[in-house]
Amino acid sequence: MLSKSSVEVIREDNATHSFCGLASVGWLYQKIKDSFFLILGTHTCAHLIQNALGMMIFARPRFGVALVEEEDLSKEHPQLKPLIEEIKADHHPSVIFLMSSCTPEVMKVDFDALSRELSTPELPVLFVPASGLDYAFSQSEDSVLQALSMFCPEAEAGDKKVVFLGSINDAVADDFVAEAEALGIPVGGFLPSNHFNDLPAIGKDTIIAPLQPYLAKVATKLSRERGAKVLTTQFPLGPDGTRKFWEDLAAEFGKKVDLSAREKAAWERIKEHTDLLKGKKIVLTADTLMELPLSRFLKNAGADVVECSSSYINRRFHGPELAALEGVKVVEQPNFNRQLRDIESIRPDLVVTSLMTANPLAGQGHIVKWSMEFVLMPIHGWSGVNALAAMFTRPLRRKAALPPMDDPAWTAGIMPSAT
C-alpha cells in the first residue's frame with residue numbers, strides 16, 4: 001500500500017556529491033563469494049580501489065581493474081578476452097560483473113555488447129553501470145542486483161515466501177531468518193545470495209522485503225517483470241523501523257503481531273545513547289541515500305534533525321520514511337553552497353556528511369560523521385540497534401572528551417623550545 005505523506009520535499013539544483021560507486025565492490029565481492037568484479041577504468045580507478053578497500057594486489061582479491069589506455073580510443077571496445085581467461089584460471093568464478101566507470105562512459109563504450117561477447121553459458125559476464133557520472137555511492141549495488149535478478153528462478157504459483165532484498169553480512173542475515181521463522185514467515189532467500197547458483201526463486205506470489213533504501217530500481221524491476229509484491233514499509237533500522245518492518249511483513253502473510261514491547265525494550269537498551277542525542281541539532285547531507293531512515297531514527301530518538309538531504313527520493317519506495325519525517329526539512333539534490341552557509345549559520349551539534357566535505361567541515365570546528373560508514377556497518381534489525389545508535393554518539397563523546405586547546409595536556413612532555 002502506498003503511504004500518503006504530507007511532508008514537503010524541497011527540490012534544489014545541485015549535482016550529486018557522493019563517494020564513487022565503484023567502492024560497492026568492497027562489500028559485494030565479500031557477499032557473493034563465487035563472483036569476480038572487473039572494473040573497466042583508469043589508473044585513478046585502480047588507485048581508488050586499492051587504497052579505499054585496503055587490499056594489496058598480492059592478496060589476490062576477487063576484483064580488479066582493466067586499464068583503459070590511449071590505444072583503446074581507436075577501438076570499438078577494449079579487448080578483454082585474455083583477461084577474462086586469466087580470471088577464470090586464477091579464481092574460478094561463477095559470475096563476472098563488468099563495471100563501468102566515468103572514462104569508458106564518456107568514450108561511449110558499448111558495455112552491453114562487450115558483456116555479451118565475453119559471456120559463455122558456463123560463465124556469464126554481466127554489465128553493471130556504476131559510473132559516478134550517474135550513480136551515487138550506494139546505487140551501484142542496485143545495478144548489481146538488477147543484473148543478477150534475471151538469473152533468479154521463477155517461483156511456482158502459490159509459493160508465497162519473503163525474499164529479503166539487499167546485501168547484509170551473514171550474521172545479520174541469520175538473525176533475519178531466525179526472526180522470520182519465529183513469526184511464522186516462510187523465507188525464500190536473499191538477493192544477493194552468497195553464491196550465484198543459490199539465487200532465490202521469485203514469482204508473482206513472492207514478497208520482496210527491501211532492507212536498504214537505495215534499491216528502488218531493482219525493486220521496481222522485480223515487481224514489473226516477475227509480478228512480485230514489494231513490501232512498502234520503513235526500513236529495519238532502529239527500534240522503530242525494525243518493529244514497523246516486521247509487523248508489516250507479518251501482515252502480508254496474514255499474521256497480526258504486536259512488537260511494541262520489543263521496541264520499548266530496544267529503546268531502553270540504548271538509553272545512554274538517546275539521552276545524549278536528545279535535543280542535539282543534526283544535519284544530514286546527501287551521500288548514501290540512507291539519509292531518510294537515519295533521520296527518522298534520530299527524530300524518534302529525540303534529536304532535532306535540522307535538515308535531511310538526499311541525492312534521490314522515490315516518493316513510492318521511500319513513502320513510509322517520508323511520512324515519519326513530519327516537521328523535518330527534507331531536501332532532494334541540495335544546493336551545496338546554500339547548505340554550507342546554513343551549516344555555518346546553524347552550527348549544528350553533528351553533521352553526517354560525505355568524505356569530500358567531512359574534513360573541511362571539521363576544519364571549521366564542526367563535529368562530523370562519515371556517512372559512508374552507515375553502509376558498511378551491521379546496523380540492521382534488532383541486533384544492529386546498539387551499533388546504529390553508537391555511530392551517532394561516538395563523535396559526540398570523542399569531542400566531549402577532548403581537553404580545550406589551552407589545556408596543559410596538549411603540551412605535557414614537550415620540550416620548552418617546542419612551545
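Numbers run from 1 along the shown chain.
Using the three backbone atoms N, Cα and C, a Cβ is placed for every residue, glycine included.
So that you can see what the record holds, here are the features copied from Swiss-Prot:
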type	residues	note
BINDING	CYS20, CYS45, CYS102	[4Fe-4S] cluster binding site
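Cβ environment of CYS45 ([4Fe-4S] cluster binding site): LEU22, ILE39, VAL65, SER101 lie under 8 Å away, each six or more residues apart in the same chain. Close to the recorded [4Fe-4S] cluster site, the chain also has GLY21, LEU22, ILE39, GLY41, THR42, THR44, LEU48, SER101, THR103, SER131, GLY132: residues not among CYS20, CYS45, CYS102 whose Cβ is within 8 Å of the site's Cβ mean position.
The binding-site residues considered are CYS20, CYS102; of these, CYS102 has the fewest other C-beta atoms within 10 angstroms of its C-beta.
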